[in-house]
Amino acid sequence: MVAGDLVQEHLRADTGAPDDITVGRKTPELEGAAERCPTYEEAIKTGGAGETDSDSRALEQEKEVPAADEREAMLPNGGGGGEAEEKQGTKLETKLYPRRFAVLLVFSLYSLVNAFQWIQYSIIANVFTRYYGVTNDKVDWLSIVYMVVYIPLIFPATWLLDRKGLRLTALLGAGLNCVGAWLKCASVSPGLFGVTVAAQVVCSVAQVFILGLPSRVASVWFGPGEVSTACAAAVLGNQLGTAIGFLLPPVLVPNTPEDVALTGHNISVMFYGTAAVSTFLFILAVIVIKDRPLLPPSHSQAVLPSSLSEDYSYKQSIFNLMKNKAFVLLLVSYGIMTGSFYSVSTLLNQMIMSCYENQELNAGRIGLTLVVAGMVGSILCGLWLDHTKTYKMTTLIVYGLSFLGMVVFTFTLDLNNIYLVFVTAGALGFFMTGYLPLGFEFGVEITYPESEGTSSGLLNAFAQLFGIIFTLIQGKLTTDYNPLIGNIFLCAWIFLGILLTALIKSELKRHNVNMGADSNQLQAVPTECPGDCPSETKTNGGKMEPSISFSRETTL
C-alpha cells in the first residue's frame, strides 16, 4: 500500500498512533491472516478473563502487535521511521536533529540569491533600457519570464521531488541558479541583450526547483511545534533576496546615461558578485542538504512512507488535490494575493518614477521597505500559527488587512510626499508578503497527507499565472493612463480574494494527526481479516477503521 491509496480511501489522519503501535518482524507463529484475526477479535471480546499468566502475556502482545501484515498495510515501510524501526520490537520514534537548522539556512540563502536575480533588472529598468537599447516592456519580461517558465515546469519538478527526494531537487535549484549567474557575466555588452535573456531563463528554471520546497523542508526536518515558523523562515530567504534586489542594484549600478562604459562596468561588478555567491552556496548545498533525517520529526511524518512504492500515481495525487474544494478555493485566492505582490514588485520602479522624478534610489529603498516589513510579517504569522493553529482565521485577517494596505497605498502614492510612500509601502508589504507562508501551511493542512511539494507547487503555479496576467494588465494601465488606475485594478481582485478565502472550509488534517498521536487517541484498528476483505474495500490487504474524525479549525 502507498500513501496515495490511503489518501483516496481513508484520509490518513485516522491511521494508527505511533505511540501506541510497536513494530515487529513477522514470525512463523504470526503468519496467516485468517488464523490471526479471529484470535485477536476473541481476545478483545473476552478481555483475557480466566486465562493463565502465559496466556495473559500472549494476549497483551497480541494487543500491541495485531499482526505484522496488518502493520505493514497500515504504515507502509514501517511508517518511514528510519533505522530504529528495523529492530524487532522497537517503538516508532521521532527525533529532532540540529542539522535541520543548517538545511534551512542553506536553502534560504540560495533561494535569496535566486530572488535577487529575479528583481535586479526591474528595479533599475531605466538603466537597462538605455544600456541595451530596448523598451520598458522588454525589461519587464526579464521578470515575467520567471512566472512564465514556472507554470509548465512545476509538474515535472514536483514529480521529481516526490520520486527523487529533497536533495536532488535542491541541488538542481542551486546548480541552475549558479549557471544562470555565470551566464549573465557574459552578457555585459549593449548588443548582447539576448544573452542576458537566456541567462534569466536559466535562473527562472532554477526557481521551479526552489519555490515549492519551503513546506517540504519544514515538514520533513522540523517538529509540529516549529513547522510553521520553519516554513516562514524558508520563505523569508526568498523575500530577503527580493529586498536586497530592491536595495543593491540602484547602488551598484547608478544611472550614468552619459557614460555607457561605466554603466557596463557597474553591471559587470553586480553580475560577477552574484555568480561568486551562487557558486559558494551550491557547494554548501552539496555538503549540507539531505533528503530527510534518520528518524522523522513528527507523528504526521512518522505515519507516512519513507519512499514511494512503484504503483504511486503522481497524476492521481494531482487529481485528488483538484477534487478538494477547499484547496481549489485556496489556489485561486493565493494566486490573486501573490500575483498582486509580483505585479507591484515588478512595476514599482515605473510607478515611483511616474510620480517622482529622479528617485531611482528611493524606488529601491521603498521596495526594500515593502519586503523587509513583509519578512517581519512572515515570521510573526509563522509564530502565531505554531502557537494557535488558527489557520483560516489568520489567513482571512491578513488577507483583509492586505486589501486595506493596497487601498491606502493606491490613493496616497501621488500626494507628492515620498516619505508617506515609505510608510504605506511598509504596511502593504507587512501583510501582503506575510501572507505567503500562511498560504503554504494552510495548503499543507487541508491536503495532508498529499505531498507538500505538490500542493506548494500548485499554489506557486497559480501565483505565477496571476502574476503574469496582473503584471501585463497593470503595466499597460500604468503606461497608458497612470499608476492609480493600475492599482485600483489590483484592489478589485484582492477584494475578490477575501470572499474566496471566507468560503474555505478548514479541516486541519495534519494537526489532528499530531494531536491524536500525542494524546494516544489515534488507534490502528483491524476490523476484518485481510484475507476476508471484499476486493472493493481492500487497501493492499488491510482495512482501516477510523477512530477519530477531522475537527474543524481550532480556536483560541
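Any Cβ shown, glycine's included, is placed from N, Cα and C.
Per TrEMBL, region 'Disordered' is recorded for 1-89, 526-556. TrEMBL lists 54-73 with the feature compositional bias 'Basic and acidic residues'. The feature transmembrane segment is assigned by TrEMBL to 101-121, 141-161, 191-215, 269-289, 326-344, 364-384, 396-413, 419-438, 458-478, 484-504. What TrEMBL lists as domain 'Major facilitator superfamily (MFS) profile' is 103-509.
The average pLDDT computed over the domain 'Major facilitator superfamily (MFS) profile' (103-509) stands at 86.
A Cβ distance under 8 Å defines the sequence-distant neighbours of the transmembrane segment (396-413), meaning residues of its chain 6+ beyond its ends; these are 333, 337, 340, 351, 355, 377, 381, 420-421, 424-425, 427-428, 430-432, 434-435, 438, 483-484, 487-488, 490-491, 494-495, 497-498, 501-502. Counting C-beta pairs under 8 angstroms (sequence separation of 6 or more), the transmembrane segment (141-161) fails to reach the transmembrane segment (419-438), with fewer than 3 such pairs.
Under 8 Å from some Cβ of the transmembrane segment (458-478) lie the Cβ atoms of residues 137, 140, 143-144, 146-148, 150-151, 154, 158, 211-212, 318, 321, 330-332, 334-336, 338-340, 342-343, 346-347, 350-351, 354, 439-440, 443, 485-487, 489-490, 493, all in the same chain and six or more residues away from its ends. Within the same chain, residues 128, 139, 142-143, 146, 170, 173-174, 177, 180-181, 184, 200, 203-204, 206-207, 210, 213-214, 217-218, 221-222, 230, 233-234, 236-242, 244-246, 248-249, 270, 274, 277-278, 281-282, 284-285, 288-290, 345-346, 367 sit at least 6 positions outside the transmembrane segment (101-121) and bring their C-beta atoms closer than 8 Å to a C-beta of that stretch.
With a threshold of 8 Å between CB atoms, the same-chain residues lying at least 6 positions outside the transmembrane segment (419-438) that come near it are 214, 228, 231-232, 234-235, 239, 337-338, 340-341, 344, 352, 365-367, 369-378, 380-382, 385, 391, 394-395, 398-399, 401-402, 405-406, 408-409, 412-413.
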